[in-house]
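Pulled from TrEMBL:
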- 14-158: domain 'Flavodoxin-like' (DOMAIN)
- 20, 21, 22, 23, 24, 25, 67, 68, 69, 70, 140: FMN binding site (BINDING)
- 210-447: domain 'FAD-binding FR-type' (DOMAIN)
- 385, 386, 387, 388, 600: FAD binding site (BINDING)
- 461, 516, 517, 525, 526, 527, 528, 529: NADP(+) binding site (BINDING)
């Protein structure tokens, strides 16, 4: 019996909740939904922040797909649920009627591999839930990427699902993944519009969302030296009205792809002649998502400019679906080779190593003829980008400021790689207006008592949320703040140097800078964690004796772990604790909300 013709009303429902930052966990959740339909189950897929904790408590079966961000933190979308689950007053049998499974996504290059998934699994068990199969842990370092763990875990999950939801005797599961899945939409043809018509339907839908406001670009200043290899910008947007945000909040920007890249793609994929034909999208498979804020009636040109991402590096699942649409035998063989276990290295070298984009792949697989109804299945959504706000609302009630590195780099490919969002922002002119959303960051809180001392650590563009914290505290009258800033050179990339030095002169800030490349050749480089180590006695005075707070912001490489190690050392040396007790003390700071880490990979 084919799954595609089953009556969903008679199929058991399965809830799949995902928590993602980059979209990978959502992609896995939607692939799993396809698989559940092959088992004659009816999946419901939601972002975990779109599903209330009360609804979770009433569920009897949930599959969680949980990614990892930074150096072991949960995605922002998971934070509200996780905060609720950590409440000490929850009964041990809260989830006694819940069966669940968890698949985590992570990278073994980081110490806390799949940490949010592990913690969620353990916490649900302590609250009475039953885990129906061993937790899966996808590793970016595996030669097959996430699929190296996801595919075998999916088999184990299938066995467990069929025990919980046994099929009628006359029904067989359709286990094969080789069949072309049904599209998530149907298309209703409309009229043709002028290619020069830059419809504002996308902007209108964004502005219907109360989290978005029109903002005018007021500043786009380079704050690295003109001869420096990295181009970092101080960007200011003016809303023309009061807006509310707090330190740690993020600006949400929906980028658009350049007309030249979109035109080139439309030609290569054979859509040029119909690119400006209006059509209506009917969402038929509700467990498969559509891009946010997309109008129901749209053109292909609008889709690939605003809603579908042809600049992303394709995942393995992209090639699995693309194979159904290529007719050339050599191209099919190439895809088969990529998808085989033996071809994993070839696929990595072709895509990830050189950051080859979907647009460039389509240009090489020229026989591909992609039906319009499958564009949402093949091409990932063009996700909005989130940037930490680098200013205080109390200083700029109608504006917000950002500190952003323009992404541009070279690989073995001839054409330089560029970031989608920063390329879009660079294309704007002073005075241009775009919709910007403001989203709660969920990570940074300020101590209610202004006399509570804080330590801020912000190397590189990690200075953005830290600058907001320092600015906010200063304007509110706090004086006991220390900033450890990291850069490579005082003359090249010490962002906001003048204003931090002014704050230090005014007595509202203690300012320490580690310039890692300014030392003599052959001498060990100095990083922020080294300065914290030098200031160990003062660090213990703040975090130990005065119960101060610590903020860490920046890239989740070795820096966050190095800072934590330096703090533990201070606790041992000046707090008189053992190394084990020092580790427990730092962990307790985090549980109490006195150690806040806002880092990204």
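Keep in mind that glycine also has a Cβ here, set from the backbone N, Cα and C atoms.
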- Message: Using DSSP, what is the helix/strand/coil residue split across the domain 'Flavodoxin-like' (14-158)?
- Response: 58 helix, 34 strand, 53 coil
- Message: Need one number: mean pLDDT over the domain 'FAD-binding FR-type' (210-447).
- Response: 95
- Item | Top Cα neighbour of residue 388 (FAD binding site) in the set of binding-site residues 20, 24, 525, 527, 528 | 20
- What span in Å does the NADP(+) site cover, taken as the longest CA to CA distance among 461, 516, 517, 525, 526, 527, 528, 529? 19
- Query: Hey, which of the binding-site residues 385, 517 is the loneliest by Cβ count within 10 Å?
  - Reply: 517
- Task: Show which residues of the chain containing residue 24 (FMN binding site), separated from it by at least 6 in sequence, have their CB under 8 Å from its CB.
- Result: 67, 105, 146, 315
- Measuring Cα to Cα, how many angstrom lie between residue 140 (FMN binding site) and residue 600 (FAD binding site)? 16
- Task: Please report the number of other Cβ atoms within 10 Å of the Cβ of residue 140 (FMN binding site).
- Result: 18
- By the 10 Å Cβ-neighbour count, the most surrounded of the binding-site residues 20, 388 is 388
- Query: Given the binding-site residues 527, 528, which one is most crowded in terms of C-beta atoms within 10 angstroms?
  - Reply: 528
